[in-house]
Amino acid sequence: MTEHTSYDVIVIGGGHAGCEAAAASARMGARTALVTHRFATIGAMSCNPAIGGLGKGHLVREVDALDGLMGRVADAGGIQFRVLNRRKGPAVRGPRAQADRKLYAAAMQSAIRETTNLAVVEGEADDLIVVDGRVTGIKLADGRSLACGAVVITTGTFLRGLIHLGEKTWPAGRVGEAPALGLSRSLEAIGFNLGRLKTGTPPRLDGTTIDWGAVEMQTGDDPAEPFSVLTETITTPQIQCGITRTTIATHEVIRANVHRSPMYSGQIKSTGPRYCPSVEDKIVRFGDRDGHQIFLEPEGLDDSTVYPNGISTSLPEEVQLALLPTIPGLERVRMIRPGYAIEYDHVDPRELEPTLQTKRMKGLFLAGQINGTTGYEEAAAQGLVAGINAALAAGGGAPIVFDRADGYLGVMIDDLVTRGITEPYRMFTSRAEYRLTLRADNADQRLTDKGIALGCVGGERVRFHRRKLAALQAARAVATSLTITPNEAAKHGLTLNRDGQRRSAFELMAYPEIDFAKVRSIWPELEAIDPVVATHLEIDAKYDVYVRRQSEDVDAFRRDEGLVLGDIDYAIVPGLSNEARAKLTAAKPWTIGQAGRIDGMTPAALGILAAYLRREARRNKAAS
């Protein structure tokens with residue numbers, strides 16, 4: 001798309017959130033600009049070279065279900081695929097892929113380049129243009145101005161980014177790239193109170209100097225399981241990763257120098273991610289352990305750089321050089337680049353509506369680390385939702401809210417806008433109350449129809465989705481129609497309750513010890529079912545009774561979510577306590593359900609709100 005001076009939507013930042021936001025907006029038909037320093041940095045993996053994992057893999061599948069980019073790009077760049085928790089139930093399994101950094105970035109850049117309605121504008125966004133309380137454009141550092149109907153800010157760690165390496169500090173968005181200073185000032189001028197968060201990265205190692213024979217080797221799954229339903233097979237060559245551990249000697253080096261770590265010297269005062277601690281934090285907090293696991297992850301097929309996952313650190317460079325040889329396999333390793341920590345600005349996510357539009361400024365949307373999250377996948381999911389809603393806002397359409405029963409992206413956004421954060425937010429399956437239905441394997445069944453209705457899913461995905469649903473429905477109909485008595489089942493080696501009742505092939509697969517292969521051996525007509533469809537059918541059967549039970553909880557949840565509070569003046573709602581009024585006014589919840597998730601909100605206050613909404617609805621109906 002040719003560069004213009006006016007767009008429907010402008011997305012600032014070309015990271016994981018920005019790419020999804022820009023592509024989603026463009027798929028919605030909005031003329032979109034992606035503003036980034038350099039096209040060459042689009043899709044860069046700033047930290048670990050991996051996509052997915054526990055909870056995170058669910059988000060990637062949900063992004064894919066809404067025709068997002070991350071799943072397909074990870075499939076193109078993935079060099080080791082593994083499903084985590086494979087021995088556990090499907091609801092908590094997490095697809096993950098080790099990626100080749102160059103292949104991943106190239107695939108993302110290609111996807112952005114090929115997206116209709118999307119232009120990439122190289123430059124630094126320096127200020128927001130605001131007219132009558134609404135964002136109407138942006139100013140670039142080189143003096144250019146771009147007009148628009150909505151802006152999505154996805155700046156990652158660039159907002160007043162400050163790198164820490166031992167006692168040294170310098171401004172940067174990531175190593176080798178300048179921070180974004182103007183946007184922080186612009187957000188503060190609007191009235192946002194910016195907080196500070198911290199993240200870190202480990203040193204990079206020369207893989208040719210690692211003693212691979214001294215470490216455990218880990219292979220990927222064979223065959224590899226793709227992220228995207230549109231990917232038939234993984235064609236990229238696959239690699240092994242190594243596993244080693246820190247030692248007592250490693251811990252001694254760290255303890256002797258921990259006072260030089262910015263986290264412990266007082267140099268860094270912001271909070272880092274709880275579930276991705278630095279190696280010095282591990283030694284201080286878990287000093288009784290004799291070792292901590294390290295995954296040696298190659299960064300590419302033609303790149304000898306290795307990412308040592310598990311030793312993120314901001315200790316001085318000379319200390320990092322001293323601790324590495326104490327680790328088995330790394331005795332003679334060459335450090336290519338030291339690890340470091342980075343602090344950056346973020347906005348309190350309670351300043352956001354569930355659409356990811358800010359409450360204090362119409363037309364302004366935020367996604368990714370600026371909202372207090374950590375991780376590529378969390379950023380991508382937010383970017384997609386923000387991009388869809390920015391396009392809807394620019395076009396005058398009604399916003400879309402994904403709730404906690406829709407998917408992990410709904411869980412994450414609700415957690416952020418309702419509860420806020422005290423540390424970088426990471427997705428886990430344990431955060432979802434409806435995780436039996438929010439599985440990685442059924443993301444398309446949950447979300448693709450919504451995407452089609454919105455207009456962000458089209459083309460080949462629509463045709464594929466409809467064929468898949470039709471095949472699954474047909475397979476379920478066949479499996480439900482085939483029945484057997486307990487006596488007949490016994491002839492096939494199955495032990496069932498001798499109650500005389502006939503059970504279908506679908507019902508039999510609900511038993512833990514009975515899989516699709518077993519029922520197929522009883523009924524040869526099931527052999528015609530596609531293996532992928534058969535896997536979905538078996539999982540649906542295993543969870544069927546629990547899903548039907550959970551659907552009652554979802555219905556009750558959705559009734560509360562259907563009671564929209566809007567812009568209520570809580571000062572005029574009779575019966576509310578002063579404490580409840582203060583909490584509601586500060587949080588500005590979207591629905592009764594969201595109000596109920598505010599810390600300290602009482603059932604009595606919720607009852608008063610529900611009664612008030614009913615009275616207002618009757619009054620408005622009578623007036624009309």
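The backbone N, Cα and C atoms fix where each Cβ goes, glycine too.
Keep in mind that what you see is a predicted model, and the values were worked out from it rather than measured.
Among the features that Swiss-Prot reports, FAD binding site is placed at Gly13, Gly14, Gly15, His16, Ala17, Gly18, with the record citing sequence analysis. For Ala17 (FAD binding site), applying a Cβ distance below 8 Å and a minimum sequence separation of six or more within one chain yields Thr154, Gly156, Ala367, Gly368, Gln369, Ala379, Ala380, Gln382, Gly383, Ala386.
Glu280 (NAD(+) binding site) has a Cβ environment of 26 other Cβ atoms inside 10 Å. Among the features that Swiss-Prot reports, NAD(+) binding site is placed at 272-286, with the record citing sequence analysis.
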Rounded to the nearest Å - Cα separation of Ser278 (NAD(+) binding site) and His16 (FAD binding site): 23
Euclidean distance between Cα atoms of His16 (FAD binding site) and Lys282 (NAD(+) binding site), Å: 28
For Val284 (NAD(+) binding site), the number of other Cβ atoms found within 10 Å of its own Cβ: 17
FAD site, defined by Gly13, Gly14, Gly15, His16, Ala17, Gly18: further same-chain residues with Cβ within 8 Å of the Cβ centre: Val11, Cys19, Glu20, Ala21, Thr36, Thr154, Thr155, Gly156, Gly368, Ala379, Gly383
The one of Gly13, Gly14, Gly15, Gly18, Gly272 whose CB sees the fewest other CB atoms within 10 Å, among these binding-site residues: Gly272
Alpha-carbon distance [His16 (FAD binding site); Cys276 (NAD(+) binding site)] in Å: 19
